[in-house]
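Here TrEMBL flags 20-42, 286-311, 332-361, 373-393 as transmembrane segment. Positions annotated as domain 'MacB-like periplasmic core' by TrEMBL: 22-248. Per TrEMBL, domain 'ABC3 transporter permease C-terminal' is recorded for 293-403.
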Amino acid sequence: MRSWLDDVGMAAATLRASPLRSLLTALGIVIGTATVVAMMALTEGLRLEMTGQLSMLEAGAFRVEKFPMVTVGHDAWHRYASRKDITRAQGEALRGLPHVAFVSIEEQGRRPEAVATRTRATRNEIDVLGVLPDYEFTNAVTVASGRFLSHADVALARRVAFVGAGVADVLFPGADPLGAEIRIRGVPFEVAGVAERMGTVLGLESRDGFVAVPWTAYDAVLGRALGTNLAVRATRVEDVPQAMAEVVATLRRVRGLGPLEENDFEVFSNDTAADLFDGLARVVGAATFGLCALSLLVGGIGVMNIMLVSVTERTREIGVRMALGARRQRILAQFLVESLVLALAGGAIGVALGGGVALVARELDVVPARVPLWSVLLSLGSAAAAGLVFGIYPAARASRLDPVEAMRAE
């Protein structure tokens, strides 16, 4: 045990003697471990954030839309855009299905709107939705004060609105918005209720910047919507697969799809979003580990080169130690420990840098970040492995020196 501690002490002294050379030698390892820790911290933070914040639907609910959640490329967008629109009639056709409890038919404008009072206004960033009362039971929206829209509001095309917490903050800071008037394109609406605060999606896009109005009033004020989307809630959470199957079969029938034709609509739930993110996280993880492996390879070669230089510079010292009785195994162990300490020092610096990047990103609210312990252990373990693997050859070379020839070296 004493000899191992001596080797570690000698290795640390060697690093302190040439700190700049040691840092440059381990630079590849520093970069590799910093990359792994930073990327895994960001990925883990986003995963945890997504688990809580991408629950855009109530439990047991799913959405039906014309476009998929993610569209990559201009050609793909045009292919989906050429699909037939989802219509209100198609949404109404889903009512009464055995495993369907609620159907929310939602319309959204071609662009975000500015919403104003007599003295204040939002930017052109508010999503104005034309909805039915079922919206409350299919989407993850909770009434904080007032009420949601009613069937009477829809039937009478009342100009009432249910607003997100972000809209209420901007238009009515410190005041009660219930019963107050807001204007959309200059048309007055009375605030009937305010939603509980929902925060942001992944720290980027606010979920509180919306205004929901009866779809009948929406048509009268905003005209034709960009498109109609559906949110469907199953009778029970465990009935979601059956409800999805019933919805898909019904929509295929009413949209006139043949047996061999693909669906020309998308069905997705909170789990779909989570699965999508998991897939992206796996791709990011694979790319990160690939970059880490390359950096460790470069860093390991650097460690091997500097250890070979060290063997050459200390040839006479090695010969003297052998002449005084040091066994070849002790010389081998000494240089292996030196390469291990050098690599671990680089790994520790990389972990500190990667953790620092993640901390700064979290404090600045750029993206959430959480450093998982396994990423730190993996980074340090990989650095240690690189040090041992690439330190074997220089250590073996040092242990095989002839003592007499080594002492003659200048």
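Even glycines carry a Cβ here, placed using N, Cα and C.
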Long-range neighbours of the transmembrane segment (373-393), counting only residues six or more past its ends (CB under 8 A): 29, 32-33, 36-37, 40-41, 44, 292, 296-297, 299-301, 303-304, 307-308, 335-336, 338-344, 346-348, 350-351, 354-355
Per-state residue totals over the domain 'ABC3 transporter permease C-terminal' (293-403) - DSSP helix, strand, coil: 94 helix, 0 strand, 17 coil
Model confidence over the domain 'MacB-like periplasmic core' (22-248) (mean pLDDT, whole number): 84
